[in-house]
Amino acid sequence: MNPLQEDMENALTGSQSSHASLRDVHSINPTHLMARIESYEGREKKGISDVRRTFCLFVTFDLLFVTLLWIIELNVNGGIENTLEKEVVQYDYYSSYFDIFLLAVFRFKVLILAYAVCRLRHWWAIALTTAVTSAFLLAKVILSKLFSQGAFGYVLPIISFLLAWIETWFLDFKVLPQEAEEENRLLIVQDASERAALIPGGLSDGQFYSPPESEAGSEEEAEEKQDSEKPLLEL
């Protein structure tokens, strides 16, 4: 194959590849991209993502559930008024459940302030509440006399410990990764929409049409045929 044919084939190959790339870019639907961008922006305008809202609801459930168990414990051990005075006014670290309730209030305030009000995107707040909860409950179980006071001596510390670690797992493996993934999707969609905006809307596939590649050697055969016919015409 001579150099002329190679140059022609390379030119045709380059034309076809550029035609395909232009068609790929032109195939992006700007309307669809704008709709996706608006949907992501709508989520941002809501102020809080769905998964973060679920986390905040679970934190609220943590406080309400521990409060409910503590109120039940007050009723079981002699009535709310008498037991409340005994556990709050005459507070004793070794026998009172009031500090476990305060621990739930502490978790609720810190986590709601950090992840609902301030919309924090870091794990340090949940790490603080879980560490404080775990250390306090372990010390109370070891040093106090809760186990001698019935079933609530087991239930309240175990429930508080489990809820604190479930909150940590949910934030670290659900909330933060999902929000980061949504941000990456938004950046990808915005980048694609900016690229699509560079392509004029009035372009059609016909403007990028390239004729089918001719067979190799067809032009040379036509020229040879014309040269062979010239002497016959002159005769």
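Heads up, the Cβ atoms here are built off N, Cα and C, so glycines get one too.
On a predicted model such as this, the values are computed, not experimentally measured, just so you know.
Noted in TrEMBL for the protein shown:
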COMPBIAS  225-235  compositional bias 'Basic and acidic residues'
DOMAIN    48-218  domain 'MENTAL'
REGION    1-21  region 'Disordered'
REGION    200-235  region 'Disordered'
TRANSMEM  55-76  transmembrane segment
TRANSMEM  96-116  transmembrane segment
TRANSMEM  123-143  transmembrane segment
TRANSMEM  149-166  transmembrane segment
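By number of Cβ pairs under 8 Å, the transmembrane segment (55-76) is matched best by 96-116 from the list 96-116, 123-143, 149-166.
On the 0 to 100 pLDDT scale, the domain 'MENTAL' (48-218) averages 86 in the predicted structure. Taking Cβ pairs closer than 8 Å, the transmembrane segment (96-116) reaches residues 48, 52, 55-56, 59-60, 62-63, 66-67, 70, 73, 86-88, 125-126, 128-129, 132-133, 136-137, 140, 146, 152, 156-157, 160, 163-164, 167, 171, 175 in its own chain, all 6 or more past its ends.
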